[in-house]
Structures are given as structure tokens and as C-alpha cells.
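Undergrad: Just passing along the structure, written as C-alpha cells.
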Amino acid sequence: MVGEGALYEKLTTMFTSDHASVVSLNIFVALLCTCIVIGHLLEENRWINESITALLIGLCTGVLILFTTGGRSSHIMVFSEDLFFIYLLPPIIFNAGFQVKKKQFFRNFMTIMLFGAIGTLISFCIISLGAIHFFQKLDIGSLKIGDYLAIGAIFSATDSVCTLQVLNQDETPLLYSLVFGEGVVNDATSIVLFKAIQNFDLSHIDLTTALHLLGNFLYLFIASTVLGIFVGLFSAYIIKRLYFGKHSTDREVALMILMAYLSYMLAELFSFSAILTVFFCGILMSHYTWHNVTESSRITTKHTFATMSFIAEIFIFLYVGMDALDMEKWRFVSQSQKKSIGVSSLLLALILVGRAAFVFPLSFISNLSKKSQSEKIEFKQQVTIWWAGLMRGAVSIALAYNQFTRLGHTKLRENAIMITSTITVVLFSTVVFGLMTKPLVRLLLPSSKHIIISIPSPPSSPKSFSVPLLGNGEDVGGNGGTQRPSRLRTLLRIPSHGVHHYWRKFDDSFMRPVFGGRGFVPYVPGSPL
């Protein structure tokens, strides 16, 4: 009888837990739908974007849950790094690479890498050194040197979604390309730095350790990029060679999605930077693989990748809003509120200084290598780039949880202070800086009409969605969309014998015959083509 009673109690607990999970998922899905509906209603005259909308709805939901649970909890799902890094981040980053305007991206590739890699390292150094100097004076607890370096990596990760939604890449192609490209490379660099720091014993730092750290960083950066290129080319070769579309378009769509996800998981398996891998895999798949599938599959894949990215972004910000009111962490800092406010203020100040320390000097260096005045970064554009990188988002939250919690929970006061300070910085920068982005960009760049538009395109290239990481006006293959006559005349006047010219010759002669790409028309039985 005792055994039966214990079994009955265990089954009851299990069913109760399952029912609670189902209820939580229902609420979360309903909140996602609410965010989408409200975002649509605010589309015409939007001062806030989907990110801010989801954050505010998450905060309101957290307050409601706090009242209903008597102050015990503010969220309906426990934070999971696996959920963020394995399921939510891949579609966002892949779609960024898949929909990027490749010509603009690679035309400004050196400047993007200058900002995204070198700039992030400069910001990392300033934030880390500032944290070491000022936090010890605040006496927040026994943080180690590895924690201070991790803080530098955590707050070097930017979130430029707000600025990208205000900028129009057809009217300011250079600025949009730089902000967009730097954002992706910056996230990858921050995570590579964070992983490199965790892999080293930093109790005794010397020149040898620093050189090993730099070598490991460069190795991860290059290896991750090569892996993404390899998977992208492999998917293009398989689909071109076997041409699944002659029997079933479902198979080729499924293979594209799974190969994209496989690139991310392979990078995780080899402990590379999965963000860089899946981003470059997206670029290669849009350049080759996408053209090797049937026309209906092109439309399907473009909509699918964009929708998955859109939902993942809303999901992340909605959860961050709810988790901001988690009472477990705030109870630890209730006796140290002044220290917590001081840490948050110092972090915001270091972010401002660290961002300015590389944007303006590196812009000056970049301009020295530009011959045409139109290719140079003007001062007002430099201010916009500086502002675009002040927001912090879900990557900072996830890295902070990784460093300062165990399974989403913390029992140490100094760790709790760092978690709550990270949440405060993310909320303040996203909401306050995000709300100020639109009027600031209008003030700095008054000649352009800074609105989010969708340019209609032919049936072969479905019209673009107005989402942060999507390209307007140019399909993923680069041969659709509406070109403005003035831009076309400008392009015709520019000599084409640069790196892009020689790459196109190499691409047409060696790559496309093997991997397909634009111009590849597979034989379809019964088709007039």
C-alpha cells in the first residue's frame, strides 16, 4: 500500500507538472499573438518597434503574474540557455545572412570587419578595464579577473534592431550595410571572446596567456567562417546534383532548412562560433542553393526563414521583459540598491565611452582608404552608427546568465547584482535609447524619408517583410526587386574593375558550373522551359 501511495503521488505530480507546462505554453503563444497584433496596429505611425512592444508586454505580464502568485514569480517559463542558443538564435542569424544585400555587404566588408571585430575588441578592453577599476571601489563582492573580462564581452554585444527598423537601406545603403553587418559580426565576436575567456585559466595573466587568448580567438573566427562556407556549398552541390524538385518540392525545402540548422549544430559540436558559421552559411545558400530549387520553393523558403526569425525575435524580447521582474534575483540586491544602481550607471557610461572610442577613430581610418566622397562615412552617419550600437539585447542577457547563474538561479549577492544590472541596462537601453532613435535619425539625416517600406516585387521574389534582419527591395538572389533609376545610373558610372569584378569572373568560371546559382535552370519534365 505504501508503494502504491508513493506511485500515485508521483503520477499526480507528473500530470500536474505537464498541465502547468501546457498552461504556460498557451499563455506564451497568446502573448506572441498579442505582440504581433499590437505591432501591426502601431505600424503606420510607429515610435516603438516590435522589440520594445514585446518588452513592455512582457513587463506588464510579469507584473500580473507577480500579483496572481503573491510575489513568488514573474514568469511562466524558466530561462534556459539551450532554448536561446540552440532554438531561438539560429533562425535569426541565418535569416540575416540569407536576406543580406551581398553586394553592399562585401563592398563594405573591410569597414564592417573593422567595426565588428576590431571595434568590439576595443570596446571589450575599455569595459573590462573600467569594471576592474570602478567595481572594486564599489565593493560589490569577490569577482574574479575572469568575471571582469566576461563583463567586457557581455556588454560589448550590441543590439541594433531599433536603428535598422528606422533606416531604409534603399535610401542609405552604406549606412544600413555598416550598421547591419557590424551588428552580426559584433555578436559573433562577443560570443567568441566570451568562450575564449571561459576556456583559459586567467588567475595568472601574462604575455603568453594573452597571446594564446588572441590566437584562440582568431582560430575560432576563421574556422567558424570556413565551416559555414563549406556547409553552404555542400547544400548547393547536393541540391543541384540531385534536383529534388522534379519529384517533390517539400524535400528540397526541408533539406535547405535542415542543412542550415546542421551548420549551426556542427559549429556547436566543434566548439566554434555558431553565429558566424550559420551567418556565412546563409550567405552561401542565398547565393547558390536558393537558385537551385524550384520557383515555388524559393518563395516558400524565403517566407519560412523570415517568419521563423520574426517569431524568435519577439519570443526573446517577450521573455526578457517577464524575467526582468524575477523576485529571486531582486531579493538578493534589496539590501544593496545603491550599489546595484551604481553598477548599472557605470556600465551604461562604459558602454557610451567604449562605443565612441572606436566608432569615430575607425571611421577616420576607413575614410582614408576611400577615394570617392560618396563612399566615405560622414560625421552624422558616424553619430548614427555610434547610437545604433548603444542598445543591448538578448545576447547580453544570455551571456550574463551563463557567467553568473547556474540553471537560471543564483545564490551569491555579487552574481545577483550583475544579473539585475544586466537586465536594467538592457531594459533602459532598449526602451529609452530605442524610443529616441527615430527622432535622432530624422534629425541627423533629414533628407531621407525614414520609414519602413515594402517594395513590391514579381511573383518569383515575394515582397519583403518589414523585419529587422531582412533586406528590402532586393531578393535573396540579387536579381529581383525594384531599382531606382538614379541608383542604376550611379552604378553604371562606377568602374567595376574592383574586387567584386574579379570575384564575379571567378564565380562565373569556376563556382557556378559546380554549385549552381543565378542562371541555373534545372530540367523539369513537361515544363515549357
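Just so you know, glycine gets a Cβ as well, placed from its N, Cα and C.
Not measured: the values here are computed from a predicted model.
From TrEMBL, for reference:
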DOMAIN    29-442  domain 'Cation/H+ exchanger transmembrane'
TRANSMEM  20-42  transmembrane segment
TRANSMEM  54-71  transmembrane segment
TRANSMEM  83-100  transmembrane segment
TRANSMEM  112-136  transmembrane segment
TRANSMEM  217-239  transmembrane segment
TRANSMEM  260-285  transmembrane segment
TRANSMEM  305-325  transmembrane segment
TRANSMEM  346-365  transmembrane segment
TRANSMEM  385-404  transmembrane segment
TRANSMEM  416-436  transmembrane segment
Undergrad: Determine which recorded stretch among 83-100, 217-239, 260-285, 346-365 has the most C-beta pairs below 8 angstroms with the transmembrane segment (112-136).
TA: 346-365
Undergrad: Between the transmembrane segment (83-100) and the transmembrane segment (260-285), do 3 or more CB pairs sit under 8 angstroms, pairs being 6 or more residues apart?
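TA: Yes, the transmembrane segment (260-285) and the transmembrane segment (83-100) are in contact.
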Undergrad: Which one, 83-100, 217-239, 305-325, has the most C-beta pairs under 8 Å toward the transmembrane segment (416-436)?
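TA: By the under-8 Å Cβ criterion, the transmembrane segment (416-436) pairs most with 305-325.
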